[in-house]
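Novice: Got a structure for you, written out below as structure tokens; questions coming shortly.
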Amino acid sequence: MITDVFCKIIKGELPADKVYEDKDYFVVKDIAPQAPVHLLIIPKKHFEALHDFKNSDAELLGKALLVAEKVAKKMGIHDKGYRLIINEGVHGGKLVPHLHIHLLGGKRLGAKLVKQDI
Ligand SMILES: [Zn+2]
């Protein structure tokens, strides 16, 4: 049984601060924001990672980028730009085993993607 936090939000078992929702995706604010605007674009269908997507899911996966554009406009950060990140696996720093795309913006982001501690 799949019990990650995003599936619990989809089932209504956990509250979430949704800023966008359609039949395939929802978007919430990250609980530990790394930028003035830090959102998570989450498919409602459970995919653990990119490796779970099949060719038949390509349209659904591509739609995530259209959702990113819509949400960036809605949040007023579209004109100055934003960054999208997918963290995969241990080296990628993935925390929730349900594919999601980070959308960060609201300030000029640094050249580095994350703080380096080495
Ligand atoms: Zn899930």
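Using N, Cα and C of the backbone, Cβ positions are placed for all residues, glycine too.
These numbers come from a predicted model, not from an experiment.
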Novice: When TrEMBL marks a stretch as motif 'Histidine triad motif', which of 33-37, 98-102, 108-112 is it?
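Specialist: Of the candidate stretches, TrEMBL labels 98-102 as motif 'Histidine triad motif'.
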Novice: Determine the Cβ neighbour count for His100 (active site, tele-AMP-histidine intermediate): the number of other Cβ atoms within 10 Å of its Cβ.
Specialist: 23
